[in-house]
Amino acid sequence: MGVWLKNGMSFNKDGELMRTHIKIEHGTIAAILYEQPLEANEDVIDVGGRLIVPGLIDLHVHLREPGGEAKETIETGTLAAAKGGFTTVAAMPNTNPAPDRKEQMEWLQARIRETARVNVLPYAAITIGQKGEELTDFAALKEAGAFAFTDDGVGVQSAGMMFEAMKQAAALDMAIVAHCEDDTLTNGGAVHDGEFARRYGLRGIPSVCEAVHIARDVLLAEAAGCHYHVCHISTKESVRVVRDAKRAGIRVTAEVTPHHLLLCDEDIPGLDANYKMNPPLRSREDRDALIEGLLDGTIDFIATDHAPHTAAEKAKGIEAAPFGIVGLETAFPLLYTHFVKTGVFTLKQLVDWLTIKPAQCFGLKAGRLAVGAPADIAVIDLETEEAIDPETFASKGKNTPFAGWVCQGWPVMTFVGGTLVWEKGRA
């Protein structure tokens, strides 16, 4: 016996939004009915005309465990994911210790099985301790369950080291995922090297420090035959480099964050460290280029770069506070309200950028509503308006620049493998 989600709205295979009933059985989608009456003896959940989408996928989150449990844990971070409609997240390796050896990856996998509320794909580090000095054992880490390889949080500074990493990853049919930043060009900055930095007398991070790493890496990826993925792209120059690389047939993909689509450095209200992230909020021209790049396919999908910190850390001020903001619980409402409701994106585009597009880029089975697919599903209320309130977050991190923003498009139910893991209003 299964359970039916009744009276929802979802996209069919032709991209048409239709009245939908979905049957969940044994952890998978057993049946889908479009524009038909439902006659069922099984249990029924009436979703009242709300949107039904594949569980959202976020391939860039920081769960902080081990070593950063004051900021977040696998349990709290994945509960935040479920609350945001995400059923699959990929956990970055800048933890203490990093998953840079087989034993640490095995420990992490066990911890995920014990405490995670949603599917977690663990990244492994490219270099030991993410120090950029010695490559990890890629084959052993893949065997232990690594999803892909990244030193996210820092850029791999040596071209030779990155090239060798790409060759090893290619031999294992694994991806290299890169935080792109040339340390010799960052200027010790806390914000973008633009008008905001000049106004407040702050050291700025120039755009070129990102683009130059991407330009280097796409050529290395071409030579190595490696799938190369660019994290949190933020500048118009970076978009241009990725666009040119794709035209040249290089296997490169890229993601963009909600905050880089929504904000630029002009929007920072004084020295508020909740607007400090890396890469920083760039210029209005950069933001416009990111939107254009997403629409024309240069940028493949959206990822949050969920980066929780404690209130005490963020209270240190914009120069001393750590980089990063949270994003799992607010991504869909923000993007729906400010891009779909305003006609910049279609609803289908937004859903695809948060589901099937990341799945296709990394060969995941998730990200689609189809018979036989995993029953990873989110139900979203497109009508109710609510203000973002960090005090209600499931995440330990409350560090968001979007407090008080009124949004529609709030998830109300999240299913992972057919199990209801979060429902609005239920403890």
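Every residue, even glycine, has its Cβ placed from backbone N, Cα and C.
Quantities reported herein were computed from a predicted structural model and do not represent experimental measurements.
Annotated Zn(2+) 1 binding in Swiss-Prot involves His60, His62, Asp305 plus, out of the candidates Asp152, Asp173, Asp182, Asp193, the residue Asp152. Per Swiss-Prot, the candidate among His232, His259, His260 that belongs to the Zn(2+) 2 site alongside Asp152, His179 is His232.
Reported as a whole number, the C-alpha separation between Asn278 (substrate binding site) and Asp305 (active site) equals 9 Å. With a cut-off of 8 Å between CB atoms and residues at least 6 apart in sequence, the same chain places Thr150, Asp151, Asp152, Gly153, Val154, Gly155, Cys231, His232 near His179 (Zn(2+) 2 binding site), listed in sequence order. When the recorded positions Asn94, Asp305, His309, Gly324 are screened for a C-alpha within 10 angstroms of the C-alpha of His60 (Zn(2+) 1 binding site), the residues that qualify, in sequence order, are Asp305. Fewest Cβ neighbours within 10 Å among the binding-site residues His60, Arg64, His232, His309: that distinction goes to His232. Asp305 (active site) sits 12 Å from Arg64 (substrate binding site), taking the CA atoms of both as reference points. Same-chain neighbours of the Zn(2+) 1 site beyond His60, His62, Asp152, Asp305, judged by a C-beta within 8 angstroms of the site's C-beta center, are, in sequence order, Val61, Met92, Gly153, His179, Cys231, His232, Ala303, Thr304, His306, Ala307.
Of all the Cβ atoms in the protein chains shown, 21 others lie within 10 Å of the Cβ of Asn94 (substrate binding site).
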